[in-house]
Amino acid sequence: MNPEGGPGGGLRQPSKRRLPAATSGMASPHQLFDDTSSSASGLGRGYAAQQPPAAGSFLAEPVSSFAMAYGTTLASQGKEIVDRNIDRFIPVTKLKYYFAVDTVYVGKKLGLLLFPFMHQDWQVRYQQDTPVAPRFDINAPDLYIPVMAFITYVLVAGLALGTQNRFSPDILGLQASSALAWLIVEVLAILLSLYLVTVNTDLTTIDLVAFSGYKYVGMIVGIVSGLLFGKTGYYLLLSWCCLSIFVFMIRTLRLKILSEAAAEGVLVRGAKNQLRMYLTMAIAALQPLFMYWLTFHLVR
């Protein structure tokens, strides 16, 4: 028997039909699910690129814009209220005048504080009944030098305490607070004395703070000289600075307190003018006393 089922044979095996090869775009007939990984990844990339913003972002932009506009409105209103009422408590306009200085003025003023003996013209210049800014007149009082000198004094005092192994934040804070307290007491005492003597002067409280704060320049010189040259250098340079500040205060304040006599060019005799002269000398004499009191314990 012909096993291949020839014409004379028995059973005939069915012929095998070749199926066409599946193309890359067609799925296998035995595959239960379509493979969508490649297409899904492509779609995912497109979806990630074109993903719409979340719902919160739609709310965030209007809320932030509203908050910014509201904050700007509040800030402008607050600035207007502060500008209207700040002069009641802090004379900002006047303070700007006392800080209107430059480098040339500071250098000349420091020289005048340390060497006032050769200076001749002590009159403050005016322009339309208003004193000119300090940077245009060396005789005008300022607050820049007193404030910087006070801060420098505290730093130099800390340095002096550190060289003696006595430094601590509490001691430095006590040194600064005591110096500030004595300055306040001094200014209040001068104001009370001017009121009791009934002096008609254009001196303001800020002027007195400025004049009283100039002594810190001499105090710094004394402490630094004590650190460099010992007690001998301290006493020598502090004595010079005390004499300089005494002369400076006498020649400056006599034009303010003795304004009537200065306007006439001679010292008018009388009980009231004698009191004014004594008051001027007392204010000037206070400066060396405070300079020594606030510095002698820092030099050993």
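Glycine too: its Cβ is placed from the backbone N, Cα and C atoms.
What TrEMBL records for this protein:
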COMPBIAS  1-11  compositional bias 'Gly residues'
REGION    1-48  region 'Disordered'
TRANSMEM  143-162  transmembrane segment
TRANSMEM  174-196  transmembrane segment
TRANSMEM  208-228  transmembrane segment
TRANSMEM  234-254  transmembrane segment
TRANSMEM  275-294  transmembrane segment
Requested in this report: Can you tell me which of 143-162, 174-196, 208-228 gets the most C-beta pairs within less than 8 Å of the transmembrane segment (234-254)?
Outcome: 208-228
Query raised in the report: Same chain, outside the transmembrane segment (174-196) by at least 6, Cβ under 8 Å from its Cβ: which residues?
Result: 150, 153-154, 157-158, 161, 203, 205, 208-209, 212-213, 257, 279, 282-283, 286, 290, 293-294
